[in-house]
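Engineer: Annotated N-acetylalanine per Swiss-Prot: 1, in sequence order, evidence recorded as experimental evidence. The domain 'EF-hand 1' annotation in Swiss-Prot covers 38-73, and the record cites sequence analysis as its basis. Positions annotated as Ca(2+) 1 binding site by Swiss-Prot: 51, 53, 55, 57, 59, 62. The domain 'EF-hand 2' annotation in Swiss-Prot covers 77-108. Taken from Swiss-Prot, the feature Ca(2+) 2 binding site covers 90, 92, 94, 96, 101.
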């Protein structure tokens, strides 16, 4: 799903670092997976991979399964992790993360 954008080894390392429930930190994950240093175009491409229902927004249910987009065997985020992730990215308070909010969140 992320071929040509992110390296498999970086994805594996980023997932390993947050295997335990409650240890997910979006800033650390974005940095480890190599997304932070990517071009605006690649960051947008990643958004559209994560936006599973193609609504143009990443909603709470998609955030909960965020890690599984990177690897099917990964865990779901806890409710607390999901809500913190959403709160960090949803700057306009509409309950979802749009593509522009995503770009800001990745570079935060």
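Using N, Cα and C of the backbone, Cβ positions are placed for all residues, glycine too.
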Engineer: Helix, strand, coil residue numbers for the domain 'EF-hand 2' (77-108) per DSSP?
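Structural biologist: Helix, strand, coil within the domain 'EF-hand 2' (77-108): 20 helix, 3 strand, 9 coil.
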Engineer: On the DSSP side of things, how many residues of the domain 'EF-hand 1' (38-73) fall into helix, strand and coil, could you say?
Structural biologist: 21 helix, 3 strand, 12 coil
Engineer: Looking at the recorded positions listed here (1, 51, 55, 59), whose Cα lies nearest to that of residue 96 (Ca(2+) 2 binding site)?
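Structural biologist: That would be 59, nearest by Cα distance.
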Engineer: Compute the C-alpha separation of residue 1 (N-acetylalanine) from residue 59 (Ca(2+) 1 binding site), stating it in Å without decimals.
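Structural biologist: Here the two Cα atoms lie 19 Å apart.
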Engineer: Check the binding-site residues 53, 59 for other C-beta atoms within 10 angstroms of each C-beta and report the one with the most.
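Structural biologist: Selected residue: 59.
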Engineer: I'd like to confirm something. Which of the binding-site residues, 92, 94, 101, has a Cα closest to the Cα of residue 59 (Ca(2+) 1 binding site)?
Structural biologist: 94
Engineer: Return the residues near residue 92 (Ca(2+) 2 binding site) by Cβ distance under 8 Å, restricted to its own chain and a separation of at least 6 in sequence.
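Structural biologist: For residue 92 (Ca(2+) 2 binding site), the qualifying residues are 98, 101.
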Engineer: Radius 10 Å, atoms counted are CB only; among the recorded positions 1, 96, which position scores highest?
Structural biologist: 96
Engineer: Enumerate the residues of the same chain, 90, 92, 94, 96, 101 excluded, that satisfy the criterion Cβ within 8 A of the mean position of the Cβ atoms of the recorded Ca(2+) 2 site; list them in sequence order.
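Structural biologist: Once 90, 92, 94, 96, 101 are set aside, the remaining close residues are 57, 89, 91, 93, 95, 97, 98.
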Engineer: Using the CB centroid of 51, 53, 55, 57, 59, 62 as the Ca(2+) 1 site centre, which other residues of the same chain sit with their CB within 8 A?
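Structural biologist: After dropping the recorded site residues, what remains is 52, 54, 56, 58, 61, 96.
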Engineer: Do you know offhand how many angstrom separate residue 51 (Ca(2+) 1 binding site) and residue 94 (Ca(2+) 2 binding site) by C-alpha?
Structural biologist: 16
